[in-house]
Amino acid sequence: MSENTSTATQPTPLLQDTFTVGSRTFSSRLLVGTGKYKDMTETGAAIGASAAEIVTVAIRRTNIGQNSNEPNLLDVISPDKYTILPNTAGCFDAETAIRTCKLARELLGGHNLVKLEVLGDEKTLYPNVMETLKAAKVLIDDGFEVMVYTSDDPIVAQELESMGCVAIMPLGSLIGSGLGLINRHTLSLIIENTKVPVLVDAGVGTASDAAIAMELGCDGVLMNSAIANAKNPVMMAQAMKHAVWAGRQAFLAGRMPMRKMATASSPQTGYFFQ
């Protein structure tokens, strides 16, 4: 969705560079997950270091009040400080995903912003597009603001947008793979043809992947494994914060044209010795 405003007459101060998802506006374009950390302390420290404002939580795998006998993640990630984004990780059909979103809304006191993901199989965790479309329609009709994990197919992205999804979240590569952005061309097509925010979801492995996503014009990047599986998750969270910031600034600045041949940087006239 991002518009390149990289002109001298229309500067965009980065500190005012917000983006809107549904009815909410955010400053940080880095979204983070809560899984795979060694304990709650590390979870809180890494998320704090990331400066993320949106934190996604797998409702089927994380206790946010369902079980009073287990530690509650919300004691570490307070809804007063962060926007909690419930997700439907682990759902393989529309019905289960819909039910999970309704449970999240109940647990979070009417919260209606959700991340929909309906998976195709356990080996690839690739999105099941047909079930995703089915679930998205029901959830939108029920008043949810749906951010949707999907394939990098521009036509599917257009369909999800036309249904009313508030953000399109194509995968960069397989969930947890760390392979980076495999198909930048189709991601660019989605960005160019989508009016709602586009956020890369899945596949980011290191800071350069996040920067590239932002340089392409993505509105944000969501990640979990890249931070949680790093040797030093807190340091990696800081690196990702800076990478997303730098990539966004580079996009707004506008990169130089790519050329096949060399172009001298120094003047071609006025040499001291001729």
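The count begins at 1 with the first shown residue.
Each residue, glycine too, has its Cβ placed from N, Cα and C.
Taken straight from Swiss-Prot:
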| type | residues | note |
| --- | --- | --- |
| ACT_SITE | Lys115 | active site, schiff-base intermediate with DXP |
| BINDING | Gly176, Ala202, Gly203, Asn224, Ser225 | 1-deoxy-D-xylulose 5-phosphate binding site |
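Sequence features, as recorded in Swiss-Prot, placed on the structure.
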residue: Lys115; record: active site, schiff-base intermediate with DXP; Cβ contacts under 8 Å, 6 or more apart: Thr56, Leu85, Pro86, Asn87, Thr88, Met147, Val148, Tyr149, Met169
residue: Gly176; record: 1-deoxy-D-xylulose 5-phosphate binding site; Cβ contacts under 8 Å, 6 or more apart: Leu125, Ala202, Ser225
residue: Gly203; record: 1-deoxy-D-xylulose 5-phosphate binding site; Cβ contacts under 8 Å, 6 or more apart: Leu171, Gly172, Ser173, Leu174, Ile175, Ser177, Gly178, Leu179, Gly180, Leu181, Ile182, Asp209
residue: Asn224; record: 1-deoxy-D-xylulose 5-phosphate binding site; Cβ contacts under 8 Å, 6 or more apart: Val32, Gly33, Thr34, Gly35, Lys36, Thr56
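Of all the Cβ atoms in the protein chains shown, 25 others lie within 10 Å of the Cβ of Ala202 (1-deoxy-D-xylulose 5-phosphate binding site). Of all Cβ atoms in the protein chains displayed, 18 besides its own lie within 10 Å of the Cβ of Ser225 (1-deoxy-D-xylulose 5-phosphate binding site). When every Cα pair among Gly176, Ala202, Gly203, Asn224, Ser225 is compared, the largest distance found for this 1-deoxy-D-xylulose 5-phosphate site is 9 Å. DSSP classifies Ser225 (1-deoxy-D-xylulose 5-phosphate binding site) as helix under the three-state reduction.
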